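Taken from Swiss-Prot, the feature motif 'DDXXXD motif' covers 87-92. The annotation Mg(2+) 1 binding site is assigned in Swiss-Prot to D87. What Swiss-Prot lists as geranylgeranyl diphosphate binding site is R184, K237, R322, Y323, and the listing cites experimental evidence. The Mg(2+) 2 binding site annotation in Swiss-Prot covers D230, S234. Residues or ranges marked as region 'Disordered' by Swiss-Prot: 325-354.
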Amino acid sequence: MPVPGTLSVEIPPRYCPLPTARHPDETVLARRTADWIDGFDLELTPQQRARMRGNDCPGFYGRIMPHSPTDRLQLAVDWCTVMFHFDDVHCDEGPATGRAARFADLATRIVRVLEAPDARLEGPGDTMLAPVRDLALRARRWATPAQMRRCAEAHRAWFLAVAWELGHRAARSTPALNDYAHMRQHTAAGAATLAWAEIVDGAEIPDRELSSPEVRALTELAFTTAAFDDDLFSYGKELWVARAEGTAPSGLGLVEILRRENRCGRPEALRAAVCLCNRLTHRFIALRERVLPDASAPLRAYLDHLCHLLPGNLEWGLTADRYRNPDGRTPGAVTTTASRDTDPPADTSPPAIPSIAWWWDPLGGRP
């Protein structure tokens, strides 16, 4: 397959006035996670090891939880490292034929190991279960039973969404924007990512707060906005891979979905995607101001992580090799540039997407 050369994408200005921060021990976290991975027989190729490093999980979680104790944050960084590998190998890449069955088989066993790490499970992909079992056992040193339940359920939601995505890949179909908008938070493992953050924090968020409509709306807003931003970062990768394979870009990304649904060109679709992200960010900030005054200390910590997730993910995504090295063998093949804007968007109304419209009225008209 010929290498298609380099490709550049310029993203229109993203509204995000939230400040960024970095964890001071990201280098330490990176060294420890590399040593941890070496302790398992994952049969990694040199290329896969390079991709693990290039994904920069210390930089990802270090931007979400910049003030967390290093030893505890290591748990989340280790999870991120092995799950990005899982995502690359079993979710995103390679022919779709037969992938769904292999993915489902391994995914169900991963969830079971999180629920019951001492359970004996055998089958294809067993090498992936050893690091997951180690994570589950380490997490139990700090986590409450409710936190471990939330963690397992978050992974189940993630894997269900990936199965939905794999169905579209196998059928070479493009989901409707209305469906994609509410599913994207799950295909991006949003809840799983923050479930580990709660375990790292230690304090359990009261369910009456975490399950309240306004906090649920805030959570979905943050996860979806970050995932849509991932679609912006990965758009160059999608175009590069399509050019290399001589095919049309995948229809499983926000920009392509908007392009096909609105029947417009790629520049117009890219602008529409950024406008949508800007409106979601504005709504998140406005709703956060309503929720924050009455939040408990554990919920405040959770909301702080969400506030760091949005700008941190923007910053991380522009530099992570995950998007710059599209096939794992061509470093720097894709360059994505973007700028941040602190001026609120002109349009802050709910978008015409019924599945997410409730974020603008989480109490259903009640005061």
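Keep in mind that glycine also has a Cβ here, set from the backbone N, Cα and C atoms.
Structure coloured by features recorded in Swiss-Prot.
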{"residue": "D87", "record": "Mg(2+) 1 binding site", "Cβ contacts under 8 Å, 6 or more apart": "A189"}
{"residue": "R184", "record": "geranylgeranyl diphosphate binding site", "Cβ contacts under 8 Å, 6 or more apart": "T224, A227, F228, D231, L254"}
{"residue": "D230", "record": "Mg(2+) 2 binding site", "Cβ contacts under 8 Å, 6 or more apart": "A188, N313, G317"}
{"residue": "S234", "record": "Mg(2+) 2 binding site", "Cβ contacts under 8 Å, 6 or more apart": "G253, R322, Y323"}
{"residue": "K237", "record": "geranylgeranyl diphosphate binding site", "Cβ contacts under 8 Å, 6 or more apart": "Y323, P326, V334"}
Most distant Cα pair in Å, residues R184, K237, R322, Y323 binding geranylgeranyl diphosphate:
18
Check the motif 'DDXXXD motif' (87-92) for me and report the mean pLDDT.
76
Please list, for the motif 'DDXXXD motif' (87-92), how many residues fall into helix, strand and coil according to DSSP.
6 helix, 0 strand, 0 coil
Count the residues of the region 'Disordered' (325-354) that DSSP assigns to helix (H, G, I), to strand (E, B) and to coil, and report the three numbers in that order.
1 helix, 6 strand, 23 coil
